[in-house]
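K.L.:
Sharing a structure below in structure tokens format, with a few things to ask.
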Amino acid sequence: MGGSASSQLDEGKCAYIRGKTEASIKNFSPYYSRQYSVAFCNHVRSEVEQQRDLTSQFLKTKPPLEPGTVLYEAELSQFAEDIRKWKDRYVVVKNDFAVESYENKEAYQRGAVPKSRILPAGGKVLTSEEEYSLLSDKHFPDPTASSEKNSQPFLVLPKAFPVYLWQPYLRHGYFCFHEAAEQQKFSALLNDCIRHLNHDYMKQTTFEAQAFLEAVQFFRQEKGHYGAWEVITGDEVQILSKLVMEELLPTLQTDLLPKLKGKKNDRKRAWFGLLEEAYNLVQHQVSEGLSALKEECRALTKDLEGTIRSDMDQIVNSKNFLTGKIRAMVAQPAENRCGESVQPFLASILEELMGPVSSGFSEVRALFEKEVDELSQSFHTTQDGAQLKECLDQLMKLPLDSVKMEPCYTKVTLLPERLLDLQSRFRFPHVDLVVQRTQNYMQELMENAVFTFEQLLSPYLQGEASRTAVAIEKVKLRVLKQYDYDSSTIRKKIFQEALIQITLPTVQKALASTCKPELQKYEQFIFADHTNMIHVENIYEEILYQILLDETLKVITEAAILKKHNLFEDNMALPSESVSSLTDLKTSMGSNQASPARGASAILPGAPGDEAPGSEVFQGPEEKQQQPGVPGSLAREESASISGSSPPSGEDGQVSVSGVDNSAGNPLSADNSAGPLSSHLSEAEAGEPPKDEETAHKRPESSAVPGSLRELKELLTVTVFVESAPEIGNDTLNGTPVPQEDKKEEEEEEESKIHPEASGPAAIQQDSCEESEVREREAHPMPLEAEAPGVNLGTLPEGRGPTSQSTGEGLTENTSCLGPIEEPSEAQGPTEEVLLATVSTQDSTEAGGEAVHSVTVTPQEDATLSSNPICPVENNEGPQVSEDQEVLGGNDSPALAMDTEQINDAHVYECHWEVEDAPSADILDVHDCDVGSPGEW
């Protein structure tokens with residue numbers, strides 16, 4: 001039969017293994033202790049500064065599965081090493097990715113201890129005898145194997161479809177199936193388990209995990225090993241155990257391999273058993289030693305926490321000072337080395353990475369769309385809500401369906417072939433780790449996509465079948481748009497990590513002999529109390545990393561600008577990062593794999609009759625309550641984006657509002673009110689006759705080319721129509737009515753002159769003004785309706801500041817009372833500046849600046865339009881007050897006092913108001929709107 005592994009590993013050899021393990025842990029301890037303190041200090045700093053991850057994401061993140069969730073269970077044939085026979089076992093794989101084997105299904109159900117439990121971290125899955133023999137021979141350095149031919153197979157298979165699980169330092173697993181489909185399902189599942197066990201620990205963000213990985217890196221650099229390391233897979237105990245085994249392996253091969261007797265297959269089996277016994281011994285001792293080391297570090301940081309928190313500013317300043325010193329020494333040689341050995345190859349490496357990675361993510365997108373289309377088609381056929389829920393539950397399991405996801409993963413497996421030259425140029429043989437990490441990201445993105453789809457669709461499952469069918473299609477398009485953006489973000493992250501992982505070891509190794517010895521002299525700049533929190537080696541590595549990061553970001557940004565593989569730029573104008581429901585962001589029916597910014601635009605619903613069929617599925621309960629006519633919060637938000645000026649009388653009651661991009665803080669500054677985008681003139685401004693009510697409600701269709709300048713203009717323009725009757729002005733001297741046409745002529749004449757002087761003094765009683773406004777609102781409500789030509793303003797990015805919010809509240813509450821006008825001595829200076837700012841929209845636009853909000857309002861009923869207290873007033877003119885307001889003011893308080901010698905018959909009030917962004921609500925429905933002063937908005 002051959003030698004037994006247990007007989008070769010005698011007590012002396014076990015003692016030797018324990019001694020080597022203890023020495024390795026002792027050598028590793030200083031690195032871990034230093035990195036533990038540094039990582040803990042960084043953790044406290046991020047906690048104090050409340051640092052957050054700025055990575056944007058549209059899709060909802062799927063919560064983790066409940067512990068103990070079963071991913072796979074089936075009865076199959078497994079080779080039992082203890083009895084060296086094939087046995088039928090009941091195999092169960094849960095979401096801890098351990099492969100557990102039970103005697104039978106009944107034993108599993110009653111909670112029996114599994115016969116075997118395999119954690120296949122670092123393993124490889126093979127499905128043919130030839131592939132397995134090649135791999136196992138590679139890790140069996142038998143000196144006599146070259147002269148011996150192995151005619152017999154390693155195992156006699158009881159069934160036609162085997163699965164081999166190769167593992168480093170552990171016995172291999174062997175499974176058999178009757179059908180190829182079962183073989184494919186189990187092998188795909190094992191690959192999923194290996195990927196997650198290899199990389200899930202490295203994805204942890206705890207400071208202890210970061211400290212351990214940094215310690216392993218510095219520990220290996222002292223031995224001349226740089227960059228990625230194939231055995232950094234699994235958890236911290238597995239990683240450190242493999243570190244020890246890496247040192248033990250040459251000795252074990254020298255001492256034990258020559259003693260093995262028998263045929264090649266027997267010696268091979270004995271060697272693998274010997275390695276497993278040694279590895280288990282090392283792993284047990286490493287687990288104990290690492291636990292003790294952690295307790296020491298926790299006690300140390302507990303004592304340091306007070307110092308870290310109290311001296312945080314000093315620690316940060318000291319580190320920044322030290323960073324500047326070391327960067328001055330390192331920057332030039334690092335940049336030279338990067339320019340010679342790295343920068344010329346970054347673009348070509350990125351090009352080779354982008355193809356397979358992007359094709360894999362595109363395959364995931366296509367799979368999601370295909371599954372949703374099948375779900376939709378099934379619902380169209382059956383119209384059964386219960387069956388739809390079952391299909392939706394199956395869709396939620398799609399990311400865990402290894403067979404369906406495998407074609408997506410296969411697209412990325414082309415990377416090793418595309419990057420063959422990396423092994424010779426950059427000594428990076430571990431492209432398979434990049435492949436596995438990419439596949440994990442693909443599975444995670446699919447999980448988020450199906451979870452977002454289910455969350456957005458669930459409110460509409462109980463409705464009518466026709467509405468549910470429409471909702472399925474619209475939700476699918478929404479999720480696909482969000483997927484495109486998140487896919488671009490994740491792929492750029494993958495490219496960044498891969499480029500740095502590939503090229504950083506080259507720079508580190510090149511500078512190790514020249515720059516690293518110089519680091520010791522910089523330790524004198526560290527305070528004695530801060531030596532545990534600041535280490536020059538960490539700062540040195542951070543500087544090298546940042547230099548390479550800047551170079552990689554350049555090539556990735558260039559690829560995004562060129563739209564390669566549907567990558568999006570980082571500075572795209574996007575809607576909010578969190579989309580909680582269909583009402584948050586409308587998606588047009590014709591959307592496909594377009595930019596999220598383009599997907600954000602949709603049709604703004606106007607009157608209820610204009611709404612597209614099926615669009616009600618996008619309206620939440622709150623939105624539906626606000627639509628019938630109550631202004632509500634949406635109306636207040638809309639009104640915050642509308643600015644107005646006192647209009648010439650006699651024109652049609654139309655308001656033209658032009659959006660302003662990056663408007664300045666002072667809304668009355670002429671310098672900040674001109675822009676390259678010209679404002680759209682309303683029909684009243686163009687001198688055209690007013691249209692009837694039906695025309696006012698009709699939604700114009702945009703003919704602008706997508707992405708053109710005209711489309712941008714339309715995105716920034718909204719037209720508000722005011723329906724009102726002709727107004728008869730009141731002479732403020734004697735209360736006699738003044739014809740509106742005469743007032744218009746006088747106002748146009750005075751407006752052409754524009755006297756840069758302030759009006760005389762005036763005093764207003766607030767109580768009487770409020771009472772008059774209340775009565776005016778009750779008698780003459782003035783609805784405003786907004787239409788945006790071809791654009792959904794609700795999808796524009798929200799950018800309201802405190803000013804715009806207060807503006808919206810003021811307009812909705814109709815606080816349009818006149819405030820006290822300042823004395824001439826106080827108001828003359830600022831009034832002259834303000835008056836110069838009251839230029840027309842067209843003039844300011846032609847001057848070349850930012851686009852201006854121009855508002856023209858002409859009420860045609862007896863509604864009161866109060867002028868702004870800060871608006872410019874013509875010389876020797878006072879505010880215009882209606883007859884009703886004058887009478888009401890006399891009931892409760894003294895009438896409006898004005899100097900009759902300083903008041904003319906014509907009254908012109910020009911005011912220019914600006915808001916930063918176009919409104920983002922879906923409906924602008926402001927009733928009883930009297931244009932108040934900006935100070936009250």
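Every residue, even glycine, has its Cβ placed from backbone N, Cα and C.
The structure displayed is predicted, hence computed values, not measured ones.
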K.L.:
Where Swiss-Prot marks phosphoserine, which residue is it, choosing among SER128, SER663, SER768?
P.N.:
SER768
K.L.:
Going by Swiss-Prot, point out which residue in SER341, SER578, SER682 is annotated as phosphoserine.
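P.N.:
Annotated as phosphoserine in Swiss-Prot: SER578.
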K.L.:
Looking at SER116, SER424, SER601, SER759, which one is marked phosphoserine in Swiss-Prot?
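P.N.:
That would be SER601, per the phosphoserine annotation in Swiss-Prot.
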K.L.:
Have a look at SER6, SER56, SER581, SER615 and find the one that Swiss-Prot tags as phosphoserine.
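P.N.:
Annotated as phosphoserine in Swiss-Prot: SER581.
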